[in-house]
Amino acid sequence: MDLQYALELIGTYFFAISGALAVQDREHDLFGAGFTGFITAIGGGSLRDILLGAYPLVWIGNVNFLYAIFAGLITTFLFSSVVGRLRKTFFLFDTLGIAFFTILGVEKSLLLGFRPEVAAIMGMFSAVMGGVIRDTLTNVMPILFRKEVYASACLAGAVLYLGLDYFGLGRNINLLSSIALIILIRLIAVRFKLSLPTLK
Amino acid sequence: MDLQYALELIGTYFFAISGALAVQDREHDLFGAGFTGFITAIGGGSLRDILLGAYPLVWIGNVNFLYAIFAGLITTFLFSSVVGRLRKTFFLFDTLGIAFFTILGVEKSLLLGFRPEVAAIMGMFSAVMGGVIRDTLTNVMPILFRKEVYASACLAGAVLYLGLDYFGLGRNINLLSSIALIILIRLIAVRFKLSLPTLK
Amino acid sequence: MDLQYALELIGTYFFAISGALAVQDREHDLFGAGFTGFITAIGGGSLRDILLGAYPLVWIGNVNFLYAIFAGLITTFLFSSVVGRLRKTFFLFDTLGIAFFTILGVEKSLLLGFRPEVAAIMGMFSAVMGGVIRDTLTNVMPILFRKEVYASACLAGAVLYLGLDYFGLGRNINLLSSIALIILIRLIAVRFKLSLPTLK
């Protein structure tokens with residue numbers, strides 16, 4: 001099992017936890033929390049693959065992703081009081097998660113032969129659309145519109161990856177640089193409460 | 001015309017009625033009610049087939065499903081005052097509908113060669129996602145999160161079907177047992193106002 | 001570059017502008033406005049193509065559509081104060097846009113060999129579902145349910161096109177007649193504040 005596959009499974013595990021925790025404060029039962037965790041974990045990648053026509057979807061072709069989600073939900077249910085207090089830890093995991101999924105989405109799109117412009121959008125979608133679908137289903141203003149530098153950090157990382165790739169930088173350094181950029185933008189924005197300007 | 005096909009058309013007819021009736025109390029005109037009925041009737045099966053990449057979608061490959069929906073909408077428009085009072089009758093039809101569509105979704109997924117874990121999810125999606133999409137479009141908390149034993153009853157029936165299928169039970173008995181389980185769970189839960197626990 | 005292709009690009013440009021302007025009054029930053037404009041521009045056509053299984057999606061197979069959207073967003077950001085005042089102009093462009101996209105969706109579906117009943121629905125979806133997805137994401141009652149003769153005007157135009165096509169009318173006259181019908185219904189409904197009846 002190579003590193004990328006392992007990281008993808010771990011990312012899916014954490015996305016499921018963050019999705020299930022998202023409805024903790026509201027009137028959802030255990031099943032609703034599990035359903036929300038599931039949608040959060042598979043939403044972004046599924047939308048990307050449906051838009052690209054890349055069948056089978058990752059979690060349908062490989063049920064290990066379903067087991068990773070299941071493990072995440074069990075973790076949440078057993079340790080919800082502990083897990084709920086680890087908000088800072090989860091902010092870190094979520095940030096790592098969106099950074100990693102962005103570049104994974106970019107690479108998959110390029111590998112399938114799509115144009116860089118399309119790959120950039122698919123990278124961002126992979127990372128953030130699970131959360132957007134989750135928020136839409138639970139009638140919350142999508143995360144995308146609340147945390148301004150959430151999706152735009154992913155887009156910036158995707159563009160950096162494509163730029164460095166164009167200039168022939170090796171994959172490993174490129175991967176690290178782009179992921180680092182996403183994390184850096186996100187951390188700085190949250191730390192200093194930065195946000196993008198609005199339309200007048 | 002075999003029995004399964006006839007039942008599927010009848011189920012589609014009733015889903016269209018229940019979808020159109022769902023917006024009766026709010027500020028929707030006839031077209032909005034028809035659109036909502038349409039989405040409710042095709043939503044779950046369409047999502048299942050898009051996720052599986054099973055083209056053409058049922059109602060696109062066979063327009064009889066469109067006519068079943070159209071008949072449901074006409075019924076609602078002509079007899080809305082009568083139909084609206086038959087809430088208990090519709091609760092029964094809706095319960096029969098989700099039970100039948102769950103097992104239909106499971107069987108279709110297995111037939112296409114997908115894993116049982118995937119088939120269970122697809123069975124549940126076939127039954128409940130039409131209602132979830134309808135509720136999301138009309139800004140209502142999705143049915144899934146309100147009626148706790150709604151989707152989970154479907155999932156339980158799907159798991160039973162897969163278990164009995166694994167142990168080699170004949171299709172007809174299995175079909176009846178699984179559908180009966182879904183209906184039973186739903187009736188007991190509604191009768192005794194049972195619900196699943198929530199996350200603390 | 002033929003006329004239809006040029007009109008499609010121009011329509012995409014205007015849909016992006018109207019989508020980005022739709023969130024002007026609310027708490028969305030520039031990125032959120034851009035994202036909303038993007039979804040509005042690609043939503044309807046993408047949903048149509050996913051339902052039909054017509055891959056690659058238009059904007060994924062031809063990145064010029066992405067550049068048309070990008071130009072629309074830049075226009076909105078640079079001239080938002082001017083553009084915001086041109087509401088009447090945009091009402092006209094939006095009306096032209098939905099009329100044109102409806103017939104384009106009908107023709108594409110017929111060309112791919114689908115039944116007229118399916119083509120009528122796909123025509124309407126192409127025109128209005130981008131706006132519906134936008135409104136759902138931003139927690140607004142979808143345009144479809146607010147402006148009664150919005151989607152139904154598209155459906156009427158699609159049905160006229162299919163009827164005239166069935167009776168062998170030439171494509172150009174048919175195209176003009178159907179587009180004219182959609183525009184006419186919409187203008188008359190807005191001018192005289194007409195709306196469809198509601199369910200009792």
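Each Cβ is built from the backbone N, Cα and C atoms, and glycine gets one as well.
Note that the structure is a prediction, hence the values are computed from the model and not measured.
Helix, strand and coil counts under DSSP for the domain 'Glycine transporter' (A:6-80) come to 60 helix, 1 strand, 14 coil. Positions annotated as domain 'Glycine transporter' by TrEMBL: A:6-80 (among others).
Confidence over the domain 'Glycine transporter' (A:92-164), given as mean pLDDT on the 0 to 100 scale, stands at 90. The feature domain 'Glycine transporter' is assigned by TrEMBL to A:92-164 (among others).
Residues annotated as transmembrane segment in TrEMBL: A:6-23 (among others).
Annotation source TrEMBL lists transmembrane segment at A:30-47 (among others).
Here TrEMBL flags A:59-83 (among others) as transmembrane segment.
Residues or ranges marked as transmembrane segment in TrEMBL: A:90-106 (among others).
Long-range contacts of the transmembrane segment (A:118-137) within the same chain, counting only residues at least 6 positions beyond its ends with a Cβ under 8 Å from a Cβ of the stretch, are 15, 19, 22, 36, 39-45, 47-48, 51-52, 97-99, 101-106, 108-110, 143-144, 150-151, 154-155, 157-159, 161-162. The transmembrane segment annotation in TrEMBL covers A:118-137 (among others).
Marked as transmembrane segment by TrEMBL: A:149-169 (among others).
The list of residues near the transmembrane segment (A:175-194) in space but at least 6 beyond its ends in sequence, with Cβ under 8 angstroms from a Cβ of it, reads 91, 95-96, 98-100, 102-103, 148-150, 152-154, 156-158, 160-161, 164, 169. The feature transmembrane segment is assigned by TrEMBL to A:175-194 (among others).
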Completion exercise
Same-chain residues at least 6 beyond the ends of the transmembrane segment (A:149-169) with a Cβ under 8 Å from one of its Cβ atoms are 98-99, 102-103, 105-106, 110, 116, 119-120, 123-124, 127-128, 143, 175, 177-179, 181-182, 185-186, 189-190, 194-196
Practice task
Could you put numbers on the helix, strand and coil content of the domain 'Glycine transporter' (A:92-164), residue by residue per DSSP?
Solution key: 63 helix, 0 strand, 10 coil
